[in-house]
Each structure stands twice: as structure tokens, then as C-alpha cells.
Amino acid sequence: MLRGRRGDGRAAKGAPGPVVPPRPSPIRGLASTKGLRGFQAVRRRGRALSAPPGPCLPGIRCHSARKATSKTAGEAVAPAASKGTYVEASEEVSLRKAVVEEGTAATQLGVQEVGSSNGAGIGMQEEGLLSFDFSRWPRRWTIVGLCCAAFMLCNMDRVNMSISILPMSDEFQWNSQVKGLVQSSFFWGYLLTQIVGGIWADRFGGKKVLAFGVVWWSMATALTPLAASAGLPYLLAARACMGVGEGVAMPAMNNLLSRWIPQQERSRSLALVYSGMFFGSIAGLSISPHMIQLLEWPSVFYTFGSMGLVWYLVWQRFAGSNPKEDILISEKERKFIMENNTNQDSVDRIPWALLLSKKEVWAIIVCHFCHNWGTFILLTWTPTYYNQVLGMDLMSSGLFSVLPWITMAVCSNFGGWIADSMVQRGMSVTAVRKVMQSIGFLGPAFFLTQLGRVNTVPEAVACMMCSQGLDAFSQSGLYSNHQDIGPKYAGVLLGMSNTAGVLAGVMGTYATGHILQSGTWDDVWGVAVALYLTGTVIWNLFSTGERVFE
């Protein structure tokens, strides 16, 4: 039988034989790596270790602390080898092999403490090196991620009509005016719950309000095909009900983030949430044409509606209204958020007169209207523009409608990173908000004016991509400003400004259909450009990034 050797290359005490060079320890490799890479390194170097049958599985935290004291190294090694378990020593861990005389190979894990001649003092700590502690993932970013998923569903359910309306209009014989009516009916309900959603969120917490919104609009989405078959009035009612549910989403999200996210992370968190809307548009516009071709247009509404119910189950399990009362958050993170964000209490009374008396609030309201006119025209009418002006079929219209939203998703997060970096480097929040929103207004205005001058499909799509990509910088300007001036009333402030934004969506979407009855697409873009320029002036004159309401 071969005699064992110490991990440093010298023969063990009392064991004759030449000194052999040390072999690299797989456990050392594990200690210098983190998570899965370290685990894989050990697996490659020491395959003889098998998964433990007990509660201490590889990659999972051992919740029971076990300590082996007053044992020799040989006594501690045998159980470890027989169970195939990883054992962590207090100082140094090494792996050694032994070959059985009969020719069968076995693996033993030897443990030695530095400075101990008899190998005593071996122990196991509560957390193994192989554990991956999910509790270390910041809770606030879990909330952000779930809000992002909700907003992705929000836009998937919203844009599916912009694709489905092409086969629906053929089936039901709708003209451009009726199509504009159907597209705008969503905003009737969306308008009703903006301020109400903000009041509910500030009073009852964003978790409950957002959950209600997602379930409500998902049910309305799933019922859309039945409503369309029953008649136009029923379809308009179903779309309006869907708008009621989506109307509470933004105020509820704004309330949640105002409580969970410190100011130095605000632009990035909002950019990530709003990028969920852009990814929702990407998914909706790219998936819908394929589903329509394979399964007819009703399948789009049934499938997208069911996704909201899945989200609801996850939300109820993992979401929390605020870090002060959350039971899953670590004390370290709770302390960090509480020290950098004082908005944790619910609001019993809204000071309407005070809110409406501030020019900074009116700057947000007016600019939200100016911004959303162009945004919602692009959201609802782009596939029709590609179909009528550029001659694309259903599949191509859906595909090329996706590209601008990809640009928005990228630019939104890039803009959020830039804005937070500028704030952290000492630039005033007011200056950052004005710079970002000016880009969000002037960029789209310039590229929309170029649509009438281009002659090819790639040029038109490039203009759309640049227009909507620069529009996404608004997430770090206008859309972040509610939490700057009044974090305590963030939900109701967004509800107020988004009410104006929804009015722009209703008017702009319907007006576009009316304009196209006798006018051209250049007339449509011209109105949007005029409002972008108006918003730029008002924003730079009256907006601020400083706290206005305590």
C-alpha cells in the first residue's frame, strides 16, 4: 500500500521515501474562485468526490453548524471520504489520494491545521466555500427586476393590437378612422386611473396596486377576441378596461422605487424598469406576426393575457411594498436604504393645492404631454406606416417595428448610467435632468423631420431607430424628476403628469387616423416635432432637480 504524503511535498511523519513536488490543491483553487467557477475547478481536478447525500449539497448553504473537535486527522478524514463531502478547515485544506491494495481506487479528503503536529482541531464552519448565497442579492434590485417584467407585459399587451389590427381590419372591414378609434380606446381607461392609481399607491403601497393592475389588464387582454366577435362597442370597452389596469402601473412603480431606491441609483433603476417596456414592445411586435400566421390573431391575446397571471404568482411571493417592513431584506441593505432614502411612510392626505401651485410640477405635466404625443404615435402607428408608405407585408412590418425599440432599450440603460455617473461626480441633479431631457426632445424632433426626405426602407428605419433611441434619454430626465422634487408624493405626481401624457396619447392616436384621411405622414410628424420643440423650451425654463416638497 502506498504511503500518504503531506500536501507541501514532504513525507508524512514516520513515512520513508523521497520528497515529491507538491501538487496543486483543488480546494485552494476553489478558495481563489467564486461560485460556480470554483465548484467546476474542483470537479475537474478531483472527480472522485461525489455529491453528498446529506443536507450539505454542493452549491447550497449548510444551515446547521457542525463542529468536529478533539479528533485526529485520520478520524475526521474517514467520514468525509465515505460521504463524499467537502470539509472546510480553519486554516488550510489539502486533497490526498490513497490506492487500496486490492486495486480499487478511493479518495480521501485530508485536513491539516497549520502548526498542529497531531492534526487535531479540525472543524467545519456553517457556510461552506461551495455555497451560493442568494440572500446577498440586493432586495431592491429584485423589486426593480419584477417591475421591469411587469412593464414588459404591459407593452406586450399594448402593442399586440398595432399588429393584430391589420388582419382584424380586413376581417371586420374597418377604415383608417375606425382603426384610429380602436387604437385610442385603450387610452380612455388608461386616463381614468392615472391619478387614482397614484393615490392608491401612496396610501396602500405599490405592491398591492401593481398586482391589481397586472391581473386586471391581463384578463381584459384575454377577453379581447370575444369582445371583437361580439361587435365594435364591446371591443372598445375591452380595450378601455385594459387601459384601466395599465393606468395604475406607472404610479405604483414610481411609488415602489421612491421607497426602495436611493437617489444615487435612481436613474439606472428607472431606466431598467422602462427598458422592460421597450423589451415588451420588441417581444410583442416580433412574436405577434408569427402567431397570427400560425394560429390566427386571437391566439396573440390569449397567450399574452395568460402571462400576467404567472407574473402575479411570482410577485406575491417575492415583492415587498417598502424596505422598512420587508421580511426578506438583510439588515445591512435595510440600513443602507433608510440612510439614503427617507420616503418610507404612507400618505394619508394629498396636498392638491400645494402640488398644483408649483411651476416645477406644471413643467413636468406640460412636458409629459409634449413627449407622449410623439411617443404614442410611434408606438401605435409605426407598423401601419411601414405597411402603407414602405410597402411592407405583415411579417416585415412587425420585424422592422422591433428595431427602434431595441435601440430604445439600449439607449435607456446607457442614458441612466450616464446620468447617475454625472450626479456621482458632482454635477447638479437639475443640470443632469435638463441635459438628458433636452436630448430626449431634440433628438426625435430632428430625425422625424428627416422621414419625409428619405427614399429607401433602410433610411426610413434608421431614422426611426435614431428618433426613438434618443427619445429614451427622457427616462433619465422627465421620468426621473417626480422622485427628485417630491419623493413622498412620487406616485401621485406621476399620476398627474401621466394623465396629461395619456391625453396626448388619446388625442395623438385618434388625430393621426383623422389626418391620414385627407393628409400625409409628413403632417403627422410635423405636429409631433412642434410639440417636442415646445417641450424643450418649457423644460429648460421651469424644471428643477431639487427637492420641492418635504
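The backbone N, Cα and C atoms fix where each Cβ goes, glycine too.
In TrEMBL, annotation is done automatically, which means it is predicted and not curated.
Annotation source TrEMBL lists compositional bias 'Basic and acidic residues' at 1-11. Marked as domain 'Major facilitator superfamily (MFS) profile' by TrEMBL: 143-547. Look at TrEMBL and you will find 1-35 tagged as region 'Disordered'. The transmembrane segment annotation in TrEMBL covers 209-228, 234-257, 269-287, 299-315, 361-382, 402-419, 489-512, 524-542.
Beyond the ends of the transmembrane segment (361-382), by six or more residues, the same chain brings 158-159, 161-162, 183, 187, 281, 355, 401, 404, 437, 440-441, 444, 448, 464, 467-468, 471, 474, 478, 481-482, 485, 493, 496-498, 500-505, 507-509, 512, 524, 527-529, 531-532, 534-535, 538-539, 541-543, 548 to within a C-beta distance below 8 angstroms of the stretch. A Cβ distance under 8 Å defines the sequence-distant neighbours of the transmembrane segment (489-512), meaning residues of its chain 6+ beyond its ends; these are 180-181, 183-184, 187-188, 190-191, 194-199, 201-202, 206, 247, 250-252, 254-255, 257-258, 343, 347, 350-351, 355, 361, 364-366, 368-377, 380-381, 478, 482-483, 524, 527-528, 531, 549. Contacts between the transmembrane segment (234-257) and the transmembrane segment (299-315): absent, as fewer than 3 C-beta pairs lie under 8 angstroms at sequence separation of six or more. Looking at the domain 'Major facilitator superfamily (MFS) profile' (143-547) alone, the prediction's average pLDDT is 87.
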